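A.B. asks: Mind having a look at this structure? Questions to follow.
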Amino acid sequence: QLQNKILILTICAAGIGGTFQYGYNISIINAPASYIQVFMNTTWLERMGVPLDSNMVLLLWSFTVSAYPLGGLTGAVVAGPMAIMLGRKMSLLLNNVFVIIAAALSGCSRMAKSFEMIMLSRFFTGVNAGVSMNIQPMYLAESAPKKLRGAVALTSASFTALGLVLGQVVGLRELLGGEESWPFLLASNVVPALIQLTALPWFPESPRYLLIDRGDKESCISALQKLRGTSDLSAELEEMLAEQAAVKGQRAKNPWELFQNPALRWQLVSIVVLSSAMQLCGNDSMYFYAAYVFQEAGIPEDKIPYVVIGTGSCELITSVTCNMIIDYAGRRPLLLGGYIFMAGWAIVFMVALSQQTQISWMPYLSMACIFAYILSFGIGPAGVTGVLPTEVFDQMSRPAAYMICGSLLWFNLFLVGTAFPFIVKSLAHFCYIPFLVVCVCTALYVWFFLPETKGKSFLEISEEFRKRNFKTKTRGGFYKGPEEIKTTTL
(Lines of atoms letter the chains of each structure in order from A; the text may use other names.)
(Lines give C-alpha, C1' and ligand atoms only; values in the text may rest on other atoms or scores of the structure.)
Protein backbone atom coordinates (compact mmCIF):
# COMPACT_ATOMS: atom_id res chain seq x y z
CA GLN A 1 0.00 0.00 0.00
CA LEU A 2 1.22 3.50 -0.78
CA GLN A 3 1.11 5.24 2.56
CA ASN A 4 1.68 8.73 1.34
CA LYS A 5 -0.03 10.71 -1.39
CA ILE A 6 3.14 12.83 -1.81
CA LEU A 7 4.85 9.87 -3.51
CA ILE A 8 1.89 9.42 -5.90
CA LEU A 9 1.85 13.15 -6.71
CA THR A 10 5.65 13.12 -7.24
CA ILE A 11 5.21 10.26 -9.74
CA CYS A 12 2.52 12.24 -11.61
CA ALA A 13 4.50 15.50 -11.62
CA ALA A 14 7.64 13.75 -12.92
CA GLY A 15 5.73 11.63 -15.45
CA ILE A 16 3.58 14.30 -17.13
CA GLY A 17 6.57 16.32 -18.33
CA GLY A 18 8.86 13.29 -18.51
CA THR A 19 8.30 10.04 -20.40
CA PHE A 20 4.73 11.16 -21.27
CA GLN A 21 6.39 13.54 -23.77
CA TYR A 22 8.28 10.66 -25.42
CA GLY A 23 5.08 8.74 -26.22
CA TYR A 24 3.10 11.87 -27.08
CA ASN A 25 5.69 13.24 -29.52
CA ILE A 26 6.14 9.88 -31.25
CA SER A 27 2.42 9.67 -32.08
CA ILE A 28 1.48 13.31 -32.88
CA ILE A 29 3.73 13.39 -35.96
CA ASN A 30 1.76 10.61 -37.72
CA ALA A 31 -1.58 12.42 -38.22
CA PRO A 32 -0.31 15.55 -40.07
CA ALA A 33 2.34 13.71 -42.16
CA SER A 34 0.62 14.33 -45.52
CA TYR A 35 -0.19 17.98 -44.67
CA ILE A 36 3.42 18.71 -43.66
CA GLN A 37 4.69 17.16 -46.92
CA VAL A 38 2.29 19.39 -48.91
CA PHE A 39 3.50 22.39 -46.84
CA MET A 40 7.14 21.51 -47.70
CA ASN A 41 6.29 21.38 -51.41
CA THR A 42 4.32 24.64 -51.50
CA THR A 43 6.98 26.45 -49.44
CA TRP A 44 9.69 25.30 -51.87
CA LEU A 45 7.53 26.31 -54.84
CA GLU A 46 7.08 29.83 -53.39
CA ARG A 47 10.82 30.16 -52.74
CA MET A 48 12.26 28.63 -55.92
CA GLY A 49 9.42 28.77 -58.41
CA VAL A 50 9.63 25.02 -59.07
CA PRO A 51 7.95 22.21 -57.11
CA LEU A 52 9.91 19.41 -55.42
CA ASP A 53 9.79 15.97 -57.00
CA SER A 54 8.23 13.21 -54.89
CA ASN A 55 11.60 11.64 -53.94
CA MET A 56 12.87 14.97 -52.61
CA VAL A 57 9.68 15.47 -50.53
CA LEU A 58 10.16 11.97 -49.11
CA LEU A 59 13.81 12.74 -48.30
CA LEU A 60 12.89 15.98 -46.49
CA TRP A 61 10.17 14.10 -44.60
CA SER A 62 12.60 11.36 -43.55
CA PHE A 63 15.00 14.09 -42.28
CA THR A 64 12.12 15.51 -40.22
CA VAL A 65 11.26 12.09 -38.76
CA SER A 66 14.88 11.11 -38.04
CA ALA A 67 15.59 14.44 -36.31
CA TYR A 68 13.60 13.05 -33.35
CA PRO A 69 15.82 10.00 -32.57
CA LEU A 70 18.91 12.14 -33.31
CA GLY A 71 17.73 14.62 -30.66
CA GLY A 72 16.94 11.69 -28.36
CA LEU A 73 20.50 10.39 -28.71
CA THR A 74 21.84 13.88 -27.86
CA GLY A 75 19.51 14.05 -24.84
CA ALA A 76 20.62 10.61 -23.62
CA VAL A 77 24.27 11.72 -23.75
CA VAL A 78 23.71 15.01 -21.85
CA ALA A 79 21.34 13.38 -19.31
CA GLY A 80 24.19 11.78 -17.32
CA PRO A 81 26.16 15.00 -16.63
CA MET A 82 22.88 16.86 -15.97
CA ALA A 83 21.76 14.27 -13.37
CA ILE A 84 25.14 14.48 -11.59
CA MET A 85 25.63 18.27 -11.63
CA LEU A 86 22.07 19.58 -11.31
CA GLY A 87 20.35 16.71 -9.51
CA ARG A 88 17.46 14.58 -10.74
CA LYS A 89 14.61 16.99 -10.08
CA MET A 90 16.33 20.15 -11.40
CA SER A 91 17.34 18.26 -14.57
CA LEU A 92 13.70 17.31 -15.23
CA LEU A 93 12.61 20.93 -14.69
CA LEU A 94 15.29 22.42 -16.96
CA ASN A 95 14.51 19.79 -19.58
CA ASN A 96 11.20 21.56 -20.29
CA VAL A 97 13.13 24.44 -21.90
CA PHE A 98 13.79 22.17 -24.93
CA VAL A 99 10.05 21.49 -25.37
CA ILE A 100 9.12 25.16 -25.05
CA ILE A 101 11.68 26.03 -27.79
CA ALA A 102 10.33 23.14 -29.92
CA ALA A 103 6.69 24.24 -29.48
CA ALA A 104 7.54 27.84 -30.44
CA LEU A 105 9.36 26.65 -33.59
CA SER A 106 6.66 24.25 -34.82
CA GLY A 107 3.80 26.59 -33.83
CA CYS A 108 5.26 29.43 -35.90
CA SER A 109 6.58 27.33 -38.81
CA ARG A 110 3.61 27.85 -41.15
CA MET A 111 3.46 31.57 -40.40
CA ALA A 112 7.21 31.87 -41.09
CA LYS A 113 6.88 29.62 -44.19
CA SER A 114 9.79 27.48 -42.99
CA PHE A 115 9.72 23.69 -42.92
CA GLU A 116 13.28 23.80 -41.48
CA MET A 117 11.69 25.06 -38.24
CA ILE A 118 9.70 21.80 -38.01
CA MET A 119 12.92 19.75 -38.39
CA LEU A 120 14.64 21.79 -35.69
CA SER A 121 11.55 21.53 -33.50
CA ARG A 122 11.61 17.71 -33.78
CA PHE A 123 15.29 17.70 -32.82
CA PHE A 124 14.62 19.71 -29.62
CA THR A 125 11.61 17.51 -28.83
CA GLY A 126 13.93 14.51 -29.14
CA VAL A 127 16.49 16.06 -26.77
CA ASN A 128 13.71 16.51 -24.19
CA ALA A 129 12.59 12.88 -24.58
CA GLY A 130 16.19 11.61 -24.38
CA VAL A 131 16.81 13.41 -21.08
CA SER A 132 13.50 12.42 -19.48
CA MET A 133 13.74 8.74 -20.55
CA ASN A 134 17.00 8.53 -18.58
CA ILE A 135 16.40 10.77 -15.59
CA GLN A 136 12.75 10.06 -14.71
CA PRO A 137 13.15 6.31 -13.89
CA MET A 138 16.35 7.16 -11.97
CA TYR A 139 14.61 9.89 -9.94
CA LEU A 140 11.56 7.76 -9.15
CA ALA A 141 13.45 4.54 -8.30
CA GLU A 142 15.76 6.49 -5.96
CA SER A 143 12.75 8.14 -4.27
CA ALA A 144 10.69 4.94 -3.81
CA PRO A 145 10.72 2.56 -0.81
CA LYS A 146 12.44 -0.78 -1.53
CA LYS A 147 9.26 -2.87 -1.65
CA LEU A 148 7.64 -0.53 -4.21
CA ARG A 149 10.75 0.40 -6.21
CA GLY A 150 9.78 -1.67 -9.29
CA ALA A 151 6.20 -0.41 -9.44
CA VAL A 152 7.20 3.25 -8.94
CA ALA A 153 10.02 3.22 -11.53
CA LEU A 154 7.78 1.35 -13.96
CA THR A 155 5.28 4.22 -14.02
CA SER A 156 7.70 5.74 -16.59
CA ALA A 157 6.45 3.12 -19.10
CA SER A 158 2.82 3.81 -18.16
CA PHE A 159 3.30 7.53 -18.84
CA THR A 160 4.95 6.72 -22.21
CA ALA A 161 1.91 4.60 -23.17
CA LEU A 162 -0.47 7.30 -21.90
CA GLY A 163 1.35 9.87 -24.04
CA LEU A 164 1.10 7.55 -27.05
CA VAL A 165 -2.67 7.15 -26.67
CA LEU A 166 -3.35 10.84 -25.98
CA GLY A 167 -1.19 11.77 -28.99
CA GLN A 168 -3.31 9.46 -31.16
CA VAL A 169 -6.54 10.96 -29.76
CA VAL A 170 -5.44 14.63 -30.12
CA GLY A 171 -4.23 13.81 -33.66
CA LEU A 172 -7.73 12.83 -34.82
CA ARG A 173 -9.15 15.03 -37.59
CA GLU A 174 -11.98 16.20 -35.30
CA LEU A 175 -9.46 17.63 -32.81
CA LEU A 176 -6.05 18.96 -33.95
CA GLY A 177 -5.24 16.55 -36.80
CA GLY A 178 -6.91 18.62 -39.54
CA GLU A 179 -5.20 20.55 -42.33
CA GLU A 180 -5.65 23.92 -40.67
CA SER A 181 -4.65 22.95 -37.14
CA TRP A 182 -1.50 20.81 -37.52
CA PRO A 183 0.91 23.56 -36.26
CA PHE A 184 -1.13 23.66 -33.03
CA LEU A 185 -0.96 19.85 -32.81
CA LEU A 186 2.85 19.92 -33.01
CA ALA A 187 3.00 22.79 -30.47
CA SER A 188 0.56 21.11 -28.03
CA ASN A 189 3.47 19.40 -26.26
CA VAL A 190 4.05 22.70 -24.41
CA VAL A 191 1.01 21.95 -22.19
CA PRO A 192 2.55 18.96 -20.29
CA ALA A 193 5.79 20.97 -19.96
CA LEU A 194 3.95 23.88 -18.29
CA ILE A 195 2.10 21.47 -15.97
CA GLN A 196 5.43 19.96 -14.83
CA LEU A 197 7.05 23.38 -14.36
CA THR A 198 4.13 24.34 -12.10
CA ALA A 199 3.89 21.10 -10.11
CA LEU A 200 7.33 19.47 -9.73
CA PRO A 201 9.06 22.29 -7.72
CA TRP A 202 6.74 21.46 -4.79
CA PHE A 203 8.11 17.92 -4.44
CA PRO A 204 11.41 16.72 -2.94
CA GLU A 205 14.69 15.82 -4.69
CA SER A 206 15.84 12.18 -4.73
CA PRO A 207 16.89 11.36 -1.11
CA ARG A 208 19.69 9.08 -2.38
CA TYR A 209 21.12 11.87 -4.54
CA LEU A 210 21.01 14.31 -1.60
CA LEU A 211 22.84 11.95 0.75
CA ILE A 212 25.29 10.04 -1.47
CA ASP A 213 26.13 12.63 -4.16
CA ARG A 214 25.71 15.82 -2.14
CA GLY A 215 26.50 14.50 1.36
CA ASP A 216 23.52 16.48 2.72
CA LYS A 217 22.06 14.23 5.41
CA GLU A 218 19.55 16.81 6.74
CA SER A 219 17.98 17.44 3.31
CA CYS A 220 17.89 13.67 2.72
CA ILE A 221 15.95 13.08 5.99
CA SER A 222 13.61 15.97 5.15
CA ALA A 223 12.94 14.52 1.66
CA LEU A 224 12.36 11.04 3.12
CA GLN A 225 9.88 12.43 5.67
CA LYS A 226 7.92 14.16 2.90
CA LEU A 227 7.87 11.00 0.75
CA ARG A 228 7.19 8.43 3.49
CA GLY A 229 4.95 10.37 5.85
CA THR A 230 5.32 9.41 9.51
CA SER A 231 6.69 5.86 9.07
CA ASP A 232 9.97 4.83 10.75
CA LEU A 233 12.88 5.88 8.53
CA SER A 234 15.80 4.40 10.51
CA ALA A 235 16.13 1.14 8.51
CA GLU A 236 15.99 2.93 5.14
CA LEU A 237 18.43 5.62 6.27
CA GLU A 238 20.81 2.95 7.59
CA GLU A 239 20.75 1.21 4.20
CA MET A 240 21.50 4.52 2.41
CA LEU A 241 24.36 5.30 4.81
CA ALA A 242 25.80 1.82 4.11
CA GLU A 243 25.61 2.58 0.38
CA GLN A 244 27.23 5.99 0.98
CA ALA A 245 30.07 4.27 2.89
CA ALA A 246 30.49 1.73 0.06
CA VAL A 247 31.09 4.48 -2.54
CA LYS A 248 33.00 6.87 -0.23
CA GLY A 249 35.87 8.64 -1.96
CA GLN A 250 34.57 7.78 -5.43
CA ARG A 251 33.38 10.25 -8.05
CA ALA A 252 30.60 9.73 -10.58
CA LYS A 253 31.86 7.46 -13.37
CA ASN A 254 32.01 8.15 -17.10
CA PRO A 255 30.43 5.67 -19.56
CA TRP A 256 33.80 4.40 -20.87
CA GLU A 257 34.91 3.66 -17.28
CA LEU A 258 32.05 1.17 -16.94
CA PHE A 259 33.43 -0.80 -19.90
CA GLN A 260 36.89 -0.89 -18.29
CA ASN A 261 35.65 -2.06 -14.86
CA PRO A 262 35.56 -5.89 -14.49
CA ALA A 263 33.35 -5.50 -11.40
CA LEU A 264 30.55 -4.18 -13.66
CA ARG A 265 30.90 -6.68 -16.54
CA TRP A 266 27.60 -8.59 -16.17
CA GLN A 267 25.58 -5.52 -15.21
CA LEU A 268 26.77 -3.81 -18.39
CA VAL A 269 26.15 -6.83 -20.64
CA SER A 270 22.63 -7.14 -19.17
CA ILE A 271 21.60 -3.53 -19.85
CA VAL A 272 23.21 -3.54 -23.32
CA VAL A 273 21.30 -6.72 -24.30
CA LEU A 274 17.97 -5.57 -22.83
CA SER A 275 18.12 -1.94 -24.03
CA SER A 276 18.98 -3.06 -27.56
CA ALA A 277 16.27 -5.75 -27.55
CA MET A 278 13.63 -3.24 -26.48
CA GLN A 279 13.88 -1.44 -29.85
CA LEU A 280 15.04 -4.39 -31.99
CA CYS A 281 12.11 -6.64 -30.97
CA GLY A 282 9.81 -5.13 -33.61
CA ASN A 283 7.10 -3.63 -31.39
CA ASP A 284 7.27 -0.18 -33.06
CA SER A 285 7.16 -1.86 -36.48
CA MET A 286 3.76 -3.35 -35.56
CA TYR A 287 2.35 0.19 -35.68
CA PHE A 288 3.83 0.47 -39.20
CA TYR A 289 1.75 -2.56 -40.25
CA ALA A 290 -1.39 -1.69 -38.28
CA ALA A 291 -3.10 0.52 -40.91
CA TYR A 292 -2.44 -1.98 -43.74
CA VAL A 293 -3.73 -4.97 -41.74
CA PHE A 294 -6.85 -3.10 -40.56
CA GLN A 295 -7.58 -2.07 -44.15
CA GLU A 296 -7.26 -5.71 -45.30
CA ALA A 297 -9.67 -6.73 -42.52
CA GLY A 298 -12.30 -4.54 -44.17
CA ILE A 299 -12.26 -1.59 -41.76
CA PRO A 300 -13.19 1.63 -43.68
CA GLU A 301 -10.18 3.92 -44.20
CA ASP A 302 -11.71 6.85 -42.32
CA LYS A 303 -12.27 4.60 -39.27
CA ILE A 304 -8.70 3.21 -39.12
CA PRO A 305 -7.29 6.05 -36.90
CA TYR A 306 -9.86 5.09 -34.24
CA VAL A 307 -8.82 1.41 -34.35
CA VAL A 308 -5.13 2.42 -34.16
CA ILE A 309 -5.97 4.14 -30.84
CA GLY A 310 -6.85 0.63 -29.66
CA THR A 311 -3.26 -0.51 -30.25
CA GLY A 312 -1.91 2.33 -28.10
CA SER A 313 -4.53 1.54 -25.45
CA CYS A 314 -3.27 -2.08 -25.37
CA GLU A 315 0.20 -0.86 -24.39
CA LEU A 316 -1.29 1.44 -21.75
CA ILE A 317 -3.46 -1.31 -20.20
CA THR A 318 -0.58 -3.79 -20.01
CA SER A 319 1.94 -1.30 -18.62
CA VAL A 320 -0.53 -0.36 -15.85
CA THR A 321 -1.12 -4.10 -15.19
CA CYS A 322 2.64 -4.68 -15.12
CA ASN A 323 2.89 -1.82 -12.60
CA MET A 324 0.56 -3.67 -10.25
CA ILE A 325 2.29 -7.06 -10.47
CA ILE A 326 6.03 -6.28 -10.90
CA ASP A 327 6.80 -6.30 -7.16
CA TYR A 328 4.90 -9.59 -6.72
CA ALA A 329 5.88 -11.44 -9.90
CA GLY A 330 9.46 -10.15 -10.14
CA ARG A 331 11.44 -8.78 -13.06
CA ARG A 332 12.68 -12.01 -14.69
CA PRO A 333 9.28 -13.71 -15.23
CA LEU A 334 7.82 -10.56 -16.83
CA LEU A 335 10.78 -10.13 -19.21
CA LEU A 336 10.92 -13.84 -20.01
CA GLY A 337 7.16 -14.14 -20.57
CA GLY A 338 7.07 -10.98 -22.70
CA TYR A 339 9.82 -12.09 -25.11
CA ILE A 340 8.59 -15.71 -25.36
CA PHE A 341 5.05 -14.59 -26.20
CA MET A 342 6.35 -12.04 -28.72
CA ALA A 343 8.40 -14.77 -30.44
CA GLY A 344 5.27 -16.95 -30.66
CA TRP A 345 3.09 -14.17 -32.04
CA ALA A 346 5.78 -13.18 -34.57
CA ILE A 347 5.57 -16.69 -36.10
CA VAL A 348 1.74 -16.58 -36.23
CA PHE A 349 1.84 -13.04 -37.69
CA MET A 350 4.19 -14.07 -40.54
CA VAL A 351 2.01 -17.09 -41.38
CA ALA A 352 -1.11 -14.88 -41.31
CA LEU A 353 0.51 -12.24 -43.57
CA SER A 354 1.58 -14.87 -46.12
CA GLN A 355 -1.99 -16.25 -46.30
CA GLN A 356 -3.69 -12.82 -46.15
CA THR A 357 -5.13 -12.99 -49.67
CA GLN A 358 -5.78 -16.77 -49.78
CA ILE A 359 -7.91 -17.30 -46.66
CA SER A 360 -10.79 -14.92 -45.88
CA TRP A 361 -10.38 -14.86 -42.09
CA MET A 362 -6.56 -14.38 -42.10
CA PRO A 363 -6.72 -10.53 -41.89
CA TYR A 364 -8.58 -10.95 -38.59
CA LEU A 365 -5.84 -13.25 -37.28
CA SER A 366 -3.23 -10.66 -38.36
CA MET A 367 -5.22 -8.05 -36.48
CA ALA A 368 -5.31 -10.22 -33.36
CA CYS A 369 -1.52 -10.74 -33.69
CA ILE A 370 -0.88 -6.99 -33.71
CA PHE A 371 -2.83 -6.53 -30.46
CA ALA A 372 -1.29 -9.65 -28.88
CA TYR A 373 2.26 -8.61 -29.82
CA ILE A 374 1.82 -5.13 -28.34
CA LEU A 375 0.21 -6.63 -25.19
CA SER A 376 3.16 -9.03 -24.76
CA PHE A 377 5.63 -6.14 -25.15
CA GLY A 378 3.73 -4.00 -22.63
CA ILE A 379 3.53 -6.69 -19.92
CA GLY A 380 7.31 -7.00 -19.53
CA PRO A 381 9.97 -5.52 -21.83
CA ALA A 382 8.34 -2.06 -22.13
CA GLY A 383 8.62 -1.24 -18.45
CA VAL A 384 11.08 -3.60 -16.76
CA THR A 385 13.95 -2.61 -19.11
CA GLY A 386 13.87 0.97 -17.81
CA VAL A 387 13.90 -0.14 -14.16
CA LEU A 388 16.97 -2.41 -14.33
CA PRO A 389 19.80 0.17 -14.75
CA THR A 390 18.69 1.80 -11.48
CA GLU A 391 18.72 -1.53 -9.66
CA VAL A 392 21.90 -3.18 -10.97
CA PHE A 393 24.26 -0.15 -10.77
CA ASP A 394 25.43 1.79 -7.72
CA GLN A 395 24.90 5.53 -7.23
CA MET A 396 28.22 6.51 -8.86
CA SER A 397 27.72 4.33 -11.98
CA ARG A 398 23.97 4.86 -12.46
CA PRO A 399 23.97 8.10 -14.57
CA ALA A 400 26.67 6.66 -16.89
CA ALA A 401 24.69 3.40 -17.20
CA TYR A 402 21.59 5.36 -18.22
CA MET A 403 23.65 7.27 -20.80
CA ILE A 404 24.71 3.94 -22.38
CA CYS A 405 21.14 2.60 -22.14
CA GLY A 406 19.56 5.71 -23.61
CA SER A 407 22.12 6.00 -26.43
CA LEU A 408 21.46 2.38 -27.45
CA LEU A 409 17.70 2.88 -27.27
CA TRP A 410 17.75 5.93 -29.57
CA PHE A 411 20.37 4.54 -31.95
CA ASN A 412 18.36 1.33 -32.38
CA LEU A 413 15.12 3.29 -32.84
CA PHE A 414 16.83 5.16 -35.69
CA LEU A 415 18.28 1.89 -37.06
CA VAL A 416 14.91 0.06 -37.11
CA GLY A 417 13.13 3.10 -38.58
CA THR A 418 15.69 3.29 -41.39
CA ALA A 419 16.10 -0.44 -42.04
CA PHE A 420 12.51 -1.70 -41.67
CA PRO A 421 11.20 -0.54 -45.10
CA PHE A 422 14.16 -2.39 -46.72
CA ILE A 423 13.52 -5.50 -44.57
CA VAL A 424 9.88 -5.48 -45.74
CA LYS A 425 11.00 -5.07 -49.36
CA SER A 426 13.47 -7.97 -49.25
CA LEU A 427 11.68 -10.44 -46.91
CA ALA A 428 8.05 -9.49 -47.72
CA HIS A 429 5.69 -11.51 -45.48
CA PHE A 430 8.65 -12.95 -43.52
CA CYS A 431 9.93 -9.53 -42.45
CA TYR A 432 9.53 -10.48 -38.78
CA ILE A 433 12.28 -13.15 -38.87
CA PRO A 434 15.00 -10.70 -37.58
CA PHE A 435 12.67 -9.63 -34.74
CA LEU A 436 11.86 -13.26 -33.92
CA VAL A 437 15.60 -14.02 -33.60
CA VAL A 438 16.04 -11.00 -31.26
CA CYS A 439 13.11 -12.12 -29.04
CA VAL A 440 14.37 -15.73 -28.76
CA CYS A 441 17.99 -14.68 -28.01
CA THR A 442 16.86 -12.14 -25.38
CA ALA A 443 14.60 -14.71 -23.66
CA LEU A 444 17.56 -17.14 -23.53
CA TYR A 445 19.81 -14.44 -22.05
CA VAL A 446 17.25 -13.57 -19.34
CA TRP A 447 16.75 -17.27 -18.50
CA PHE A 448 20.46 -18.10 -18.15
CA PHE A 449 22.15 -14.90 -16.98
CA LEU A 450 19.84 -12.30 -15.39
CA PRO A 451 19.38 -12.56 -11.60
CA GLU A 452 16.12 -11.52 -9.90
CA THR A 453 16.27 -8.07 -8.23
CA LYS A 454 12.78 -8.02 -6.65
CA GLY A 455 12.72 -6.85 -3.01
CA LYS A 456 16.52 -6.59 -2.69
CA SER A 457 18.50 -3.55 -1.55
CA PHE A 458 20.94 -1.96 -4.00
CA LEU A 459 23.87 -3.39 -2.00
CA GLU A 460 22.40 -6.93 -2.08
CA ILE A 461 22.01 -6.70 -5.87
CA SER A 462 25.60 -5.41 -6.22
CA GLU A 463 26.82 -8.35 -4.10
CA GLU A 464 24.99 -10.85 -6.32
CA PHE A 465 26.56 -9.42 -9.48
CA ARG A 466 29.97 -9.27 -7.78
CA LYS A 467 29.81 -13.05 -7.28
CA ARG A 468 29.11 -13.50 -11.00
CA ASN A 469 31.79 -11.06 -12.12
CA PHE A 470 34.51 -12.74 -10.00
CA LYS A 471 33.23 -16.32 -10.15
CA THR A 472 36.45 -17.76 -11.59
CA LYS A 473 38.66 -15.91 -9.13
CA THR A 474 36.70 -16.67 -5.96
CA ARG A 475 37.25 -20.42 -6.43
CA GLY A 476 40.82 -19.88 -5.17
CA GLY A 477 41.07 -19.24 -1.43
CA PHE A 478 43.79 -16.61 -1.90
CA TYR A 479 41.28 -14.14 -3.35
CA LYS A 480 39.54 -13.63 0.00
CA GLY A 481 41.06 -10.20 0.76
CA PRO A 482 40.27 -8.30 -2.45
CA GLU A 483 36.82 -9.94 -2.41
CA GLU A 484 36.09 -8.05 0.82
CA ILE A 485 37.40 -4.80 -0.60
CA LYS A 486 35.37 -5.15 -3.81
CA THR A 487 32.15 -5.08 -1.76
CA THR A 488 32.91 -1.54 -0.66
CA THR A 489 33.52 -0.33 -4.21
CA LEU A 490 30.05 -1.29 -5.39
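Including glycine, each Cβ sits where the backbone N, Cα and C put it.
What TrEMBL says about a protein is an automatic prediction, not a curated fact.
According to TrEMBL, the record shows the following:
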TRANSMEM  7-24  transmembrane segment
DOMAIN    11-454  domain 'Major facilitator superfamily (MFS) profile'
TRANSMEM  58-80  transmembrane segment
TRANSMEM  92-112  transmembrane segment
TRANSMEM  118-139  transmembrane segment
TRANSMEM  151-170  transmembrane segment
TRANSMEM  182-203  transmembrane segment
TRANSMEM  334-353  transmembrane segment
TRANSMEM  365-388  transmembrane segment
TRANSMEM  400-424  transmembrane segment
TRANSMEM  430-450  transmembrane segment
A.B. asks: Tell me if the transmembrane segment (7-24) touches the transmembrane segment (400-424). I count contact as 3 or more CB pairs below 8 A, with pairs 6 or more residues apart.
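C.D. replies: These two stretches do not touch.
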A.B. asks: For the transmembrane segment (334-353) against the transmembrane segment (151-170), do we get 3 or more Cβ-Cβ pairs below 8 Å once near-sequence pairs (under 6 apart) are dropped?
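C.D. replies: As far as Cβ distances go (cut-off 8 Å, pairs 6 or more apart), the transmembrane segment (334-353) and the transmembrane segment (151-170) do not touch.
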A.B. asks: Residues sitting near the transmembrane segment (365-388): Cβ under 8 Å, six or more positions beyond its termini, same chain?
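C.D. replies: The answer is 133, 137, 141, 149-150, 153-154, 156-158, 160-161, 270-271, 274-275, 277-278, 281-283, 286, 289-290, 293-294, 296-297, 310-311, 314-319, 321-323, 326, 331, 334-339, 341-342, 345-346, 348-349, 352-353, 356, 442, 453.
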A.B. asks: Test of understanding: applying the rule of at least three C-beta pairs under 8 Å (pairs 6 or more apart in sequence), is the transmembrane segment (430-450) touching the transmembrane segment (7-24)?
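C.D. replies: As far as Cβ distances go (cut-off 8 Å, pairs 6 or more apart), the transmembrane segment (7-24) and the transmembrane segment (430-450) do not touch.
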A.B. asks: Considering only the recorded stretches 92-112, 118-139, 430-450, state which has the highest number of Cβ pairs under 8 Å to the transmembrane segment (182-203).
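C.D. replies: The stretch with the most contacts is 92-112.
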A.B. asks: Let me spell it out: take the transmembrane segment (430-450), skip the flanking residues so only those 6+ beyond its ends count, and list any with a Cβ under 8 Å from a Cβ in it.
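C.D. replies: Beyond its ends, the transmembrane segment (430-450) has Cβ neighbours at 266, 269-270, 273-274, 277, 280-282, 285, 331-332, 335-336, 339-340, 342-343, 346-347, 349-350, 354, 381, 420, 423-424.
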A.B. asks: Is the transmembrane segment (92-112) packed against any residues at least 6 beyond its ends, judged by a Cβ distance under 8 Å, and which are they?
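C.D. replies: Residues packing against the transmembrane segment (92-112) from afar: 14, 17-18, 21, 39, 75, 82, 86, 118, 120-125, 127-128, 131-132, 135-136, 139, 183-184, 186-190, 192-194, 196-197, 200-201.
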